[in-house]
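Taking it in order: structure first as structure tokens, then the write-up.
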Amino acid sequence: MAEGMRLMAVHAHPDDESSKGAATTAKYVAEGASVMVVSCTGGERGDILNEKLKDDPHILRDIAQVRRDEMKAAQEVLGCEHTWLGFVDSGLPEGDPLPPLPEGCFALEDLEVTTEALVRVIRTWRPHVMTTYDEKGGYPHPDHIMCHRVAMAAFEAAGDPSRYPHAGEPWQPLKIYYNGGWSKPRLEAIHEAMLAEGLESPYAEWLANWKPRRSGRPTTMIACADYFETRDRALIAHATQVDPDGFWFQVPLEIQKRVWGVEEFEAALSYVPIAEGEDDLFAGLGTPEEADALATRPGLEVVHDGRITEEAEQEAREQAEEESERRARHLHGDSSDTHVDEPEAAADGAPGAVPEAEARTDAETKTETETETEKAEL
Ligand SMILES: [Zn+2]
């Protein structure tokens with residue numbers, strides 16, 4: 001079905017392509033589509049997150065080369081194409097106050113310069129569909145937020161002959177999606193399946209400290225459980241970034257496949273309608289020839305705009321606050337108090353059954369676990 005179609009996945013660092021949407025990449029490659037991964041930066045400032053390789057002299061001598069080699073290995077596992085956009089990793093600033101970003105890094109580049117670089121790749125490779133991160137970066141790394149800005153700007157400019165006229169013939173990719181990532185329902189489903197099997201869930205603390213980040217909703221579910229193993233092999237190819245015995249590999253594949261055998265995407269902008277319950281990123285584009293014709297047709301208009309506006313975000317925040325106040329009253333204490341002694345609390349189940357996770361959702365302080373998880377998410 002996807003034979004002859006072209007998907008471009010725009011990512012911030014080498015390894016992001018293996019942790020976000022990787023099973024979808026492998027699935028489309030297997031179905032005869034072409035997938036191009038674009039890495040905006042070389043990942044030069046990534047920490048070595050695999051304890052076993054922390055002091056390896058070869059790695060310490062030239063981390064940039066090591067990450068290029070790792071990316072090559074991951075690309076071979078996924079069967080995709082790959083290109084570097086050539087910008088420099090900004091690193092994840094840590095400390096209080098946060099240190100300034102390093103001079104010349106991707107996040108500080110002029111948006112015109114980074115956009116032109118990606119427009120050039122789009123006009124050369126001519127993707128029908130693109131993916132990138134949501135406006136919050138999926139997780140708050142400056143390179144991920146910049147990756148979103150660049151991908152959206154390039155999506156909007158690539159088909160316009162008046163923009164970057166020296167960067168190739170206009171080509172309008174027809175849809176751009178955000179990678180779904182870790183949603184609360186996904187975490188909960190896997191967490192509960194682990195407990196039901198009598199296994200220890202690695203997600204208990206993450207769930208207990210869950211904080212909603214934005215109000216987005218997935219529009220598109222790609223059934224790709226058959227490619228979870230490929231996804232894991234690609235991720236492990238980034239040996240300095242991932243400990244194969246670590247956090248991300250504690251849930252048996254069988255449980256992941258059975259409980260949440262999909263990757264989710266959120267349609268941000270599209271020149272064709274997005275149907276309810278969409279299950280294919282190429283849906284609505286017709287044959288490759290039809291999609292090619294559409295991508296070069298003058299006067300195309302966006303028919304689906306799923307971007308989150310400031311107002312929608314504000315509304316979602318207010319709803320979350322109301323919900324948290326309601327819960328706080330319900331619990332007869334502050335939001336970190338899980339002690340339940342009001343009879344009406346029994347409506348939710350047995351007294352005391354209100355899970356700590358829910359009661360603590362609104363905790364302002366970021367726990368160490370979450371910080372670690374975010375780091376590992378690099
Ligand atoms: Zn990253």
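Just so it is clear, glycine is given a Cβ too, placed from its N, Cα and C backbone atoms.
Please treat TrEMBL annotations as automatic predictions, because they have not gone through curation.
Remember, predicted model here, so these are calculated numbers, not experimental data.
The annotation Zn(2+) binding site is assigned in TrEMBL to His13, Asp16, His144. Feature annotation from TrEMBL assigns region 'Disordered' to 310-378. Annotated compositional bias 'Basic and acidic residues' per TrEMBL: 310-319, 331-342, 357-378, in sequence order. Taken from TrEMBL, the feature compositional bias 'Low complexity' applies to 346-356.
Counting residues of the compositional bias 'Basic and acidic residues' (310-319) by DSSP class, helix then strand then coil, yields 10 helix, 0 strand, 0 coil. In the shown protein chains, 29 other C-beta atoms lie within 10 A of the C-beta of Asp16 (Zn(2+) binding site). Taking all protein chains in view, 27 other C-beta atoms sit within 10 angstroms of the C-beta of His13 (Zn(2+) binding site). DSSP assigns His13 (Zn(2+) binding site) to coil in the three-state reduction, placing it in neither a helix nor a strand.
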